[in-house]
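J.: Heads up, here are the entries from TrEMBL:
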type: ACT_SITE; residues: 322; note: active site, proton acceptor
type: BINDING; residues: 68, 69, 70, 96, 97, 98, 99, 100, 205, 322; note: substrate binding site
type: BINDING; residues: 250, 288, 289, 290, 291, 292, 293, 321, 322; note: ATP binding site
type: BINDING; residues: 316, 318, 352, 355, 357, 361; note: K(+) binding site
type: DOMAIN; residues: 60-363; note: domain 'Carbohydrate kinase PfkB'
């Protein structure tokens with residue numbers, strides 16, 4: 001039942017009951033709610049949506065991870081603790097680290113399969129449709145009738161904010177919802193179905209057991225494993241690192257994993273933290289450093305390699321790290337050397353921070369400069 005139909009039914013029932021005044025109020029109130037839902041093009045009652053898409057293309061990249069609805073508030077500055085401020089606008093977008101990375105990889109041009117759990121609600125229906133529209137294989141996206149789709153409350157500092165700079169700073173609070181119902185059994189079924197994939201990517205926004213299963217099964221199948229330990233856990237077991245061909249924290253996550261202070265402006269500080277993670281089992285550590293680009297520290301070489309980001313006017317940094325990882329996975333799936341893939345992925349991420357939102361900011365691969373296009377299959 002869609003918004004306009006609901007308005008008519010509600011008013012008709014009340015008029016038949018003889019309460020014309022209340023019927024008018026009901027028509028007005030329900031119309032207002034329906035209008036808001038119509039802006040998102042989501043029906044009031046869940047309609048069937050396709051649960052598979054992209055099945056005609058070979059999945060080169062598997063992403064095991066989260067799907068969240070991003071509830072985004074934009075402000076002139078970020079509030080202090082306990083402070084109430086007035087925002088300038090509110091928007092709703094699809095997000096979640098897993099889905100963001102999947103969407104970016106798919107838009108780059110590789111075949112992508114998503115492994116996730118969504119609620120049996122409006123947001124879940126809308127989300128599956130969005131993934132399908134992007135051409136992502138959703139055959140391993142499960143819906144759970146007893147759970148709500150995950151949400152993320154995001155506050156973004158607008159350009160020209162409190163410090164008069166480019167803005168784009170943010171803070172995020174996540175309510176996992178159905179994301180935490182993704183199970184190792186879901187992961188096993190997906191990897192059995194998609195055993196020819198080259199890359200498997202995961203994060204820490206689903207149950208730890210599901211993430212570990214993704215790394216274990218990816219390693220056993222000979223896939224390149226990419227682990228983004230976000231949100232970071234200070235007590236992360238070494239097994240996760242041992243199964244990671246590429247471990248990719250940002251500077252904050254690196255500090256938590258190493259239980260120490262990391263200065264992103266000090267290469268030696270970052271290198272020391274990355275070396276600690278290598279000693280615990282990771283093969284390669286790629287540390288993202290925001291506007292400073294990223295750094296690669298590898299178990300097979302001394303020192304580090306620094307990859308600068310393009311200098312741009314940032315308006316919204318939400319999802320930039322996911323754009324980096326999604327494009328990195330795409331380049332690696334096409335056989336590009338790790339160093340070359342990192343250098344290009346940093347530049348792709350720089351494009352996204354000039355636009356609002358996470359997934360809405362992600363370009364199609366064909367719209368990027370020619371030197372950032374994917375190599376052919």
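Cβ coordinates are placed from backbone N, Cα and C, and glycine is handled just like the others.
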J.: Enumerate the residues of the same chain, 316, 318, 352, 355, 357, 361 excluded, that satisfy the criterion Cβ within 8 A of the mean position of the Cβ atoms of the recorded K(+) site; list them in sequence order.
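T.: Same chain, not in 316, 318, 352, 355, 357, 361, Cβ within 8 Å: 315, 317, 319, 320, 353, 354, 356, 358, 360, 362.
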J.: Just checking: which of 291, 293, 322, 352, 361 have a Cα that is within 10 Å of the Cα of residue 205 (substrate binding site), counting only these recorded positions?
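T.: Correct set: empty; none qualify.
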J.: Tell me, how many other CB atoms lie within 10 A of the CB of residue 293 (ATP binding site), whichever protein chain they belong to?
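T.: Neighbour count, Cβ to Cβ under the 10 Å cut-off: 20.
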J.: From the centroid of the CB atoms of 68, 69, 70, 96, 97, 98, 99, 100, 205, 322, the recorded substrate site, which same-chain residues not already listed sit within 8 A by their CB, in sequence order?
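T.: Everything else in range on the chain: 65, 66, 67, 94, 95, 150, 152, 358.
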J.: Are there residues of the same chain, six or more positions away from residue 357 (K(+) binding site), whose CB falls under 8 angstroms from its CB, and which are they?
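T.: In sequence order, the residues whose Cβ lies under 8 Å from that of residue 357 (K(+) binding site) (at least 6 apart) are 70, 72, 91, 93, 316, 318, 319.
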J.: Out of the recorded positions 250, 289, 293, 322, 355, give me the one sitting nearest to residue 68 (substrate binding site) by CA distance.
T.: 322
J.: Using only C-alpha positions, which one of 99, 250, 289, 293, 322 is spatially nearest residue 352 (K(+) binding site)? These are the recorded positions in the record.
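T.: Ranked by Cα distance from residue 352 (K(+) binding site), first place goes to 322.
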J.: Please list residues from the chain of residue 99 (substrate binding site) whose Cβ is under 8 angstroms from its Cβ, counting only those at least six apart in sequence.
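T.: In sequence order, 63, 65, 66, 67, 68, 114, 116, 127, 131, 359 meet the Cβ cut-off.
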J.: Just the number: how many Å between the Cα atoms of residue 293 (ATP binding site) and residue 361 (K(+) binding site)?
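T.: Distance (Cα to Cα, whole Å): 18 Å.
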J.: Greatest CA-CA distance (Å) over the residues 250, 288, 289, 290, 291, 292, 293, 321, 322 that the record ties to ATP?
T.: 16
J.: Between residue 291 (ATP binding site) and residue 355 (K(+) binding site), find the distance joining the two CA atoms and give it rounded to the nearest Å.
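T.: Cα-Cα, rounded: 15 Å.
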J.: Least buried of the binding-site residues 289, 318, going by other Cβ atoms within 10 Å?
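T.: Relative to the other binding-site residues in 289, 318, 289 has the fewest Cβ atoms within 10 Å.
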